[in-house]
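As written in TrEMBL, here are the features:
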{"type": "SIGNAL", "residues": "1-16", "note": "signal peptide"}
{"type": "DOMAIN", "residues": "24-125", "note": "domain 'Phytocyanin'"}
{"type": "REGION", "residues": "125-153", "note": "region 'Disordered'"}
{"type": "COMPBIAS", "residues": "127-139", "note": "compositional bias 'Low complexity'"}
{"type": "COMPBIAS", "residues": "140-151", "note": "compositional bias 'Pro residues'"}
Amino acid sequence: MALVVRVLALAAAVTAVLEMSSAAVYKVGDSAGWTTFGNVNYKQWAASKTFQLGDVIRFEYNPQLHNVIRVTHAMYRSCNASLPLDSYTTGNDTITITTRGHYFYMCGVPGHCQAGQKVDINAMRHPSSAAPTPSALAPPTVPAPHAPTPGPSIAAPLQSLKGNFGLLGLTLVVSGLA
């Protein structure tokens, strides 16, 4: 039984590492970065990406000219920068996607959002958490009730476990009589 628990724990750890290692890093605006220069279409840029949990969004910009603020959907639509949820000002800001849904960002400098410096990052589930494949939908294989006795690799721990429960039962019976 302990072996099964260890194997399951190891499988969970390997899965977590693989999911984390498959995270992508996206530079907002690609080579143009986060700017009002160069006619960058951030809506089109975001639509061309598939953002997943664990991915990193990187905003690169001149901090003397721009900033990044995270806002609500209503604030995003109206370019209202008055009460940002988060604010970034380093010029090289990274944000890890930790939950599914929309992340709305814009430049808080007056006029920049209206000029198109805003982006809606729509984060989906991690691919391994997506809809199951047809093979995953197949019912699990369950041994028949008349299956043969497990081989030696499984039988020894089961016999040991059976012996431990037998000893526990004997101890309880003796304790109850005393």
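Note that Cβ sites are derived from N, Cα and C of the backbone, with glycine treated the same way.
Quantities reported herein were computed from a predicted structural model and do not represent experimental measurements.
According to DSSP, the secondary structure content of the domain 'Phytocyanin' (24-125) in residues is 15 helix, 35 strand, 52 coil. The domain 'Phytocyanin' (24-125) scores a mean pLDDT of 97 in the predicted structure.
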